[in-house]
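Sequence annotations record features per position, and here Swiss-Prot assigns pyridoxal 5'-phosphate binding site to Arg184, Thr185, Thr186, Gly187, Gln188, Ser189, Ser238, Tyr263, Arg268, Asn299 based on similarity to another entry.
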Amino acid sequence: MGKLDLDWGLVKEARESAKKIAADAQVFIDAHSTVTVERTICRLLGIDGVDEFGVPLPNVIVDFIKDNGNISLGVAKYIGNAMIETKLQPQEIAEKVAKKELDITKMQWHDDFDIQLALKDITHSTVERIKANRKAREDYLEQFGGDKKGPYIYVIVATGNIYEDVTQAVAAARQGADVVAVIRTTGQSLLDFVPFGATTEGFGGTMATQENFRIMRKALDDVGVELGRYIRLCNYCSGLCMPEIAAMGALERLDMMLNDALYGILFRDINMKRTLVDQFFSRIINGFAGVIINTGEDNYLTTADAIEEAHTVLASQFINEQFALVAGLPEEQMGLGHAFEMEPGTENGFLLELAQAQMAREIFPKAPLKYMPPTKFMTGNIFKGHIQDALFNIVTITTGQKVHLLGMLTEAIHTPFMSDRALSIENARYIFNNLKDFGNDIEFKKGGIMNTRAQEVLKKAAELLKTIETMGIFKTIEKGVFGGVRRPIDGGKGLAGVFEKDNTYFNPFIPLMLGGDR
């Protein structure tokens, strides 16, 4: 029984609208692919490394086909055909193309059935590797006596140097962190390639590379065994390489991925057609790999008012839920985002925050909701900041938020020191323990401030979803409904990388992962 007396008929209507919005966009998504989707297929076929100029081989292959062949047939068809012709593996084919020793666009075409058969061993071996990673995660959790009950304490490291990040991450795990997110270097989401190898320089974060993923995964596994807890690793697959980074994460057993097309469109000016197509394949991969995705609704409240625009967050959560379901990603892996971002001077602001968080929990009961700390109104006064974080911590434990992005008392001053993290973890653990069953023991007053507020937000969200259903997601974004940010349908970065699929196009991984045995 919910605390908020929500109108469940209205919730159902909102879900139906969101379902239609996603289905409408899916028509476009199903008819198109992008250069990064094709590069992801290359990576999943075992193509890795760089050419003599440092260009990733997946980029070399896809660019070669784009310039010399017909990309609308899809990269899998070219690679499979070349495997039959040359008797070589995809990696060897890519290396020869890079050295200009092979032209895969000028070969005699074989039958589609034979091409798919040629790819079968390698596609199945990749899928088995991802399944083994998923099992390894489950085995660790079992070894440590099951998953953590209550919120995951989620912290961020961002030094630019992966080896320094390891030092910070291991310290955070020992201090009590459950999830470590390695922030990406500034602007990586705008690169149309994924850098290669271990990196030691970054700005505001560290490069997301497969080798960096491997280094951090090993460090967290080692400290996890020492502590008897499974420490989750999180990275970011928004931006122009969404599905590629999802694939790298699946291959290296990451546990969480920031993954939201709307975030990329609004806050990174990535073309909407491009990133919605990319999001679909990235979510199929994340769903199959057992990765929890985190969505970016919290960011709307950094550019728009958290009280007036709360309904846009809920509407976006409904839409993100439907986009995830279409990609085969279960509710248990949907870290739908929201945030504690109301102006601290607001009268009864805490009640409004509590109502919003409780509403998300009741409407998405199985989702490991991602709850963001106050950032917009942190002033650099560390004492007040610590109290703002304490109120945020109270909302999390009271309403059962799951992915708890730890607030930092030094927010708005500098990137956290290890000591800042220790104090913030101590604050959260104190509150989570002291108020452990508080949420179960209280009821909300009928007709009170919180009940009224939640019903109001739900009503506005349902109305907004009805409007979006009529307009479609593309027009809605053009009008600036989310976060007050307008983006044109043919503007932004990456549109040149979108293409319509030929009717013989195939992506061998979609049937294996979307309909596949988990």
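Heads up, the Cβ atoms here are built off N, Cα and C, so glycines get one too.
Keep in mind that this is a model prediction, so the values were computed, not measured.
Feature annotations (Swiss-Prot) mapped to structure.
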residue : record                              : DSSP class
Arg184  : pyridoxal 5'-phosphate binding site : coil
Ser238  : pyridoxal 5'-phosphate binding site : coil
Arg268  : pyridoxal 5'-phosphate binding site : helix
For each of Arg184, Arg268, count the other CB atoms within 10 A of its CB; which of these binding-site residues has the top count? Arg184
Among all protein chains shown, how many Cβ atoms are found within 10 Å of the Cβ of Gln188 (pyridoxal 5'-phosphate binding site), not counting that one? 24
In the structure shown, which of the binding-site residues Thr186, Ser238 has the fewest other Cβ atoms within 10 Å? Thr186
Given that the record lists Arg184, Thr185, Thr186, Gly187, Gln188, Ser189, Ser238, Tyr263, Arg268, Asn299 as binding pyridoxal 5'-phosphate, what is the largest C-alpha to C-alpha distance among them, in Å? 18
